[in-house]
6 protein chains.
Amino acid sequence: MRPSQRQPDQLRPVRLTRGFTCHAEGSVLVEFGATRVLCTASVEDSVPAFLRGKGQGWLTAEYGMLPRATHTRSAREAAKGKQSGRTQEIQRLIGRSLRAVVDLAALGERQIVIDCDVLQADGGTRTAAITGACVAVHDALVGLVAAGKLARNPMREFVAAVSVGIHDGVPVLDLDYAEDSACDTDMNVVMTEGGGLIEVQGTAEGAAFSRAELDALLDLAELGGRHLFELQRAAVHGG
Amino acid sequence: MRPSQRQPDQLRPVRLTRGFTCHAEGSVLVEFGATRVLCTASVEDSVPAFLRGKGQGWLTAEYGMLPRATHTRSAREAAKGKQSGRTQEIQRLIGRSLRAVVDLAALGERQIVIDCDVLQADGGTRTAAITGACVAVHDALVGLVAAGKLARNPMREFVAAVSVGIHDGVPVLDLDYAEDSACDTDMNVVMTEGGGLIEVQGTAEGAAFSRAELDALLDLAELGGRHLFELQRAAVHGG
Amino acid sequence: MRPSQRQPDQLRPVRLTRGFTCHAEGSVLVEFGATRVLCTASVEDSVPAFLRGKGQGWLTAEYGMLPRATHTRSAREAAKGKQSGRTQEIQRLIGRSLRAVVDLAALGERQIVIDCDVLQADGGTRTAAITGACVAVHDALVGLVAAGKLARNPMREFVAAVSVGIHDGVPVLDLDYAEDSACDTDMNVVMTEGGGLIEVQGTAEGAAFSRAELDALLDLAELGGRHLFELQRAAVHGG
Amino acid sequence: MRPSQRQPDQLRPVRLTRGFTCHAEGSVLVEFGATRVLCTASVEDSVPAFLRGKGQGWLTAEYGMLPRATHTRSAREAAKGKQSGRTQEIQRLIGRSLRAVVDLAALGERQIVIDCDVLQADGGTRTAAITGACVAVHDALVGLVAAGKLARNPMREFVAAVSVGIHDGVPVLDLDYAEDSACDTDMNVVMTEGGGLIEVQGTAEGAAFSRAELDALLDLAELGGRHLFELQRAAVHGG
Amino acid sequence: MRPSQRQPDQLRPVRLTRGFTCHAEGSVLVEFGATRVLCTASVEDSVPAFLRGKGQGWLTAEYGMLPRATHTRSAREAAKGKQSGRTQEIQRLIGRSLRAVVDLAALGERQIVIDCDVLQADGGTRTAAITGACVAVHDALVGLVAAGKLARNPMREFVAAVSVGIHDGVPVLDLDYAEDSACDTDMNVVMTEGGGLIEVQGTAEGAAFSRAELDALLDLAELGGRHLFELQRAAVHGG
Amino acid sequence: MRPSQRQPDQLRPVRLTRGFTCHAEGSVLVEFGATRVLCTASVEDSVPAFLRGKGQGWLTAEYGMLPRATHTRSAREAAKGKQSGRTQEIQRLIGRSLRAVVDLAALGERQIVIDCDVLQADGGTRTAAITGACVAVHDALVGLVAAGKLARNPMREFVAAVSVGIHDGVPVLDLDYAEDSACDTDMNVVMTEGGGLIEVQGTAEGAAFSRAELDALLDLAELGGRHLFELQRAAVHGG
């Protein structure tokens, strides 16, 4: 049995609250159970130096965790003076995932900066962040269209992410912290609405995993993805 | 007339939401109008090196602002690799303010770490942070008493803070961002429930200010303080 | 009785030595008793990026303390790789204080950089620094007028600063280190020759202070300020 | 056709040179075609703080690239004062991969530090590094057994890694730089001799990839892995 | 007797391997016995800011040591976030030494960046680095001439360096690590083919040294230099 | 003729002012003409980690330059967040020079920290610093003897330093800034009272220099050294 009493293929309750803060062009609070991440998308009228004058846009992401988002307080990265390797891995993943679904040429010479800040952590912060950031970026792009700055929304399709893992020998969907800590294999899967895979990152925490286990995990992830895309669409249409 | 249509001596709507996040021993979302700051208090069972073995506790604070808490995105301090002078000034002020109302000897060899993170900024983040942090620390201390780790709550009285300033020649209470940017003189006052002053920080942004103006500002601040203490007491008793 | 045998309203011997070093456009050694701060003003022909092309000047300050300016050696900030929060607070205060008395538009697109380096510390280094920096900036500006680069001196009036505090229950002027360490309340006041207040920063070190105590301290500070302005004028005229 | 004229399922010439430098307990130069990485394993008699007194060992890795290992010179990380996100991702991956095949309890309270330094880069530096580091760690552990410090070699099986990708629509094995830059999908697979998977990291560089493509890539990677394990065994036995 | 059984005036076997790596415009592996340093010269089409528009070139150097180049592992400078004072001294010395033999005006507005990375250390890494870097820079300059970018090679003469020291009372040439650690006086001498001195850096490790000892050491260094110049010429002609 | 009208073998006026600041155990203002360096020696009751428990002492040095010690303002190292390579070279040289004349075993488990801060620069700051630091350390050691903490002064002899160079083809002693900037060869020589050499650092700024020139420079340096030792002795006896 899962610690949360969920079925193996059951997501935690997922909520997407748009307009959570007022200044950003897109601002979404995403919740996967007790995991809560504030995702904002900021539109900037310039691009990084390596793209200047190339007529295309860019999209990048930063990730942070409030010091007491976790069970015990973790040191503030701004005070330590550097971002951990984990933070950098996650923010690079978020940026790649969103760039994969946005037509950067159609965006023009602008940059979207995504900030994903974890207010409360209970496992799966990176997958929640990608799922929420997608809606925040969508809202920012809709705003550019509404303002007449873009002819059409350059986001081709939605992107969402979910974690899967093998817990007590059973493949399970959307790990919370209790499961994540006790898991043998842990995989994050980033998918598109159209059924494509953007990133597959599977890691053996203890023993190696087999091809058969990998397949079972991918099946679960696709199932979870379908549910997340429905929630993203509902959030956007109900907004 | 004030940009917000408020009377000169009128606070913005102030809200204190306890238990905003689940892991911290004290967790309060404080809102002064559109300014929203998450204040958490974490209890740690050790003290900084300079206090080890002296039989007393310590209380310190850190402050941060999410990159898109502001009108235009500001760079993430963790990514820049250092905290700005402004950030350091504010976190030192929060720490001093709370230490002034807690009996550190009665706290024993423990440390309370306060984190004040601005989710949305509209002026007065440091005064909101102090006002909210007081309740978060209170809750953490009540928890220590409940757990039998302390015989009594070592917080002697509440502390609160408010900004005042001279806007268009008129002394006004609790500046929002629009007023703050246009202000000649700006003052932050940290007060105790018992009517004492903890910190008075007045700054002429343009022309110097007079003793008479200083007096008018302090009167307003005391008025605001009385209202804030009522709200803190209501929050704690209604919690 | 004060540790230094001074009357409550008595400044330490204050000396302002102009031309203490030879390269800077303004160079003043300021002494408040045993506190000795070297203040230099450097004229640069460019302004920070945020002011470029706006036709106005800027004035900024940096502060440092030699490692053995203090009773026990403190670590060199250049070796530690960062400036402390205290250093940043002080240099921001010095910059704001001087900007308040200089007409930045009349300065033209130039920057004055003030460096205040403490050679020997005995309390009140920030107030000594402001008082000395005022004369150093004055000298640099007089030099620009003499060189025909400015039509008139853009400093509107002198600025000076002094600390006051409540020591053993008695309000006293110009705290030395012995008093500062033992003080209940400590306040730094930055004033202009014309009687205006630029900054008032009062801090309760232990118990809170009352409005009456605040008033007594401000009276003392104004008294001290009048004396400092006389000394600044004498230094400039006797130079 | 591949730029290198190789068959889709053909590795580049792989060489493992043991004892490449003389001081390290294990020192291997690994070459995957023109990619050359020096992997050293250093034995230290202490473990990181979080493991002290737990009776188990640790294994960690660091990765670097000489500034002119690449086509155009890249800035030296030591001079920039920080390691890039890419460097940190790679060194975390190397560490995890090797920890997966070493019995840390059997290692005792010692640490193996792996250094992988790229002398010349032509794609696939991280997979070459893992493959080479495995032999270097093996040699260091054999040395501990020979010295009587360990009863048996705590490495359970070999670990190796290879990249695969979809180039011009065709799944290919072991990408060189020319292919890597032009690739739609890129995957790094870390495997054990026993056929288990340790890490699977697939990334869509442009369009998303399908489950069928993922399967084809994993098949290729397993094929490459079998060849790499033969080379590792030959290197160790021929040494 | 020397630990290495060499005569007092005998160099270790010196090897210069050109084209050791493939991307750099000049790439030389230099070996002084067991000391092995990879020296690359990279040509860049811009100069540092302080030289822009002055119609002359520049040449600079960076130095590093792989963590396990030494007997016991030393911390990676990129991970520590800064280069040691020793590293900076050495790279400044290498840059000055090479600039002394290159006509910077004839180089045009380009920069040569030298990287000297120690793969294996056994004393004398800085002198090996200078000796090898000279050949790498030579090769890069010959390449510019061959590409028609320069009319003639702006290197005026070769530069080489060797260490000398007083070991057990005897002046000896080209110290290895065993001698270097036990040496009373240690001197690095940088010389030109034409017999001139570029740098003389003598240091008493224990007792002071006399003028007579200094003279004996300089004689030995000149002898060593003549041999090194022969080897450089042979390497370049045989390449 | 020298810019300063001095004879080739003439030092600038040298002054050593003891007790320049009040807190340090040794505090000397050293002036070589317009070059003014404040040298303090601080006694600490512990040694660096690598010497703990070995029953011997240590002596280390730090060097800094006030931002406006120079003709044009140089950036403050504490604000830049790191010390330059030049600063580190100089402070390492000062430390080595003083350690060469102090019996570290006789010092016991204590550390002397020397701080050399340049108040005004006109060439030769490092040689002035060594010469002044010697007196500051002497005073600190005399204090330890006077306090009964040491049986005898562990300084074996004085150490002093002077620069020499070839200016307009003429070997000259004690270069000021005007000469230093125009110099072909520049050498710093650190000597002991007993006539020994501690450090010889000669650098060709343009053309290489010959053995004959080196000899002439060393002769001048020895002459200058004899004068400096007289001044040090006079300072100490007259104190």
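Cβ coordinates are placed from backbone N, Cα and C, and glycine is handled just like the others.
On a predicted model such as this, the values are computed, not experimentally measured, just so you know.
Of the listed candidates (D:R68, D:R73, D:R76, D:R86), TrEMBL assigns D:R86 to the same phosphate site as D:G124, D:T125, D:R126. Long-range Cβ proximity for D:T125 (phosphate binding site), meaning a same-chain Cβ under 8 A and a gap of 6 or more residues, is found for D:T35, D:V37, D:M65, D:I90, D:C116, D:V118. In sequence order, D:F32, D:T35, D:V162, D:S163, D:D174, D:L175, D:D176, D:D180 constitute the residues six or more apart from D:G124 (phosphate binding site) in its chain with CB-CB distances below 8 Å.
Residues D:R86, D:G124, D:T125, D:R126, recorded as contacting phosphate, have a largest CA-CA distance of 13 Å. In the structure shown, the C-beta of D:R126 has more C-beta neighbours within 10 angstroms than that of any other entry among the binding-site residues D:R86, D:R126.
According to DSSP, the secondary structure content of the domain 'Exoribonuclease phosphorolytic' (D:10-140) in residues is 45 helix, 41 strand, 45 coil.
Report note: the phosphate site is defined by D:R86, D:G124, D:T125, D:R126, and the residues of the same chain whose CB lies within 8 Å of the CB centroid of those residues, excluding them, are D:I90, D:V118, D:A121, D:G123, D:T127, D:A128, D:A129. Secondary structure of the domain 'Exoribonuclease phosphorolytic' (D:158-221) per DSSP, as helix, strand and coil residue counts: 16 helix, 30 strand, 18 coil.
The average per-residue pLDDT of the prediction over the domain 'Exoribonuclease phosphorolytic' (D:10-140) is 97, rounded to a whole number.
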